[in-house]
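Got a structure here, written out as structure tokens. Questions coming.
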Amino acid sequence: MTDRADASFKKPITVALTGASGAQYGLRLIDVLVAAGHEVWVMISKAAHMVIATETDIELPAQPQRLAEALSERSGAQPGQIRCFGREDWMAPVASGSGAPSTMVVCPCSTGTLSAVATGASNNLIERAADVAIKERRTLVLVPRESPFSPIHLEHMLTLSRLGVVILPAAPGFYHCPQTIDDLIDFIVARILNQLGIEHSLVPRWGEVGDKDE
Ligand SMILES: Cc1cc2nc3c(=O)[nH]c(=O)nc-3n(C[C@H](O)[C@H](O)[C@H](O)COP(=O)(O)O)c2cc1C
């Protein structure tokens, strides 16, 4: 398999799911990016697999090739549109500035991964890919979820924000009058897509929300 992006898809975007609550945000993001025609490069941490098993009825294998097949089936991706990389696949393109896509999203982002990214730990491929994004001054969006945040979490977020990393907490608003959990998920996914400059109609933008009395 080549490390190059497939020209038949829009630019690749790296999506990493780590072990914070809210796996549905990341899974929905993958589906939406696939539907938008992007190539999606996916990494799912061991803890994220536990969260997915706890929070959803979705069964995902850990082995990268089988994971890619399972995610492709879920999202209706074309062959080759989703690629997955393992925890220590240091030869994956995301491990190097010369091969990594220009955009990476960690969604959801555990406070553990947040800490590792803030300190440049690079102990697994997700952390390394985020480190590459920072050193190459590329777009990196982290979607942390914890409550409450400790001073440690807040300091890491401030450090990263000052480096240009987008800290986009999984904190959906309610002003679009969500009726379902899917509406809440789409609120966050829409915010991520806004950061990536990807057009969508998941939720109305501010100013487009109709008057409820109309
Ligand atoms: C069901 C479940 C829910 C969790 N929720 C959170 C959470 O919301 N935020 C968080 O930072 N960690 C959460 N954790 C703990 C992380 O998964 C744990 O710290 C793990 O080491 C993170 O590893 P990773 O960053 O490599 O995915 C949760 C774990 C499980 C099993």
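Placement of Cβ uses the backbone N, Cα and C atoms for every residue, glycine included.
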Among SER45, SER72, SER75, SER161, which residue does TrEMBL annotate as binding FMN at the site that also has GLY19, ALA20, SER21, SER110, THR111, GLY112, THR113, ARG145?
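Candidate listed by TrEMBL for the same site: SER45.
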Per 10 Å Cβ neighbour count, which of the binding-site residues SER21, SER110 ranks highest?
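Answer returned by the neighbour count: SER110.
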Going through the binding-site residues GLY112, TYR175, ARG191 in sequence order, which have a CB under 6 Å from an atom of ligand 1?
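Checked binding-site residues vs ligand 1; flagged GLY112.
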In whole Å, note down how far the CA of ARG191 (dimethylallyl phosphate binding site) lies from the CA of GLY112 (FMN binding site).
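With the alpha carbons as reference points, the distance is 23 Å.
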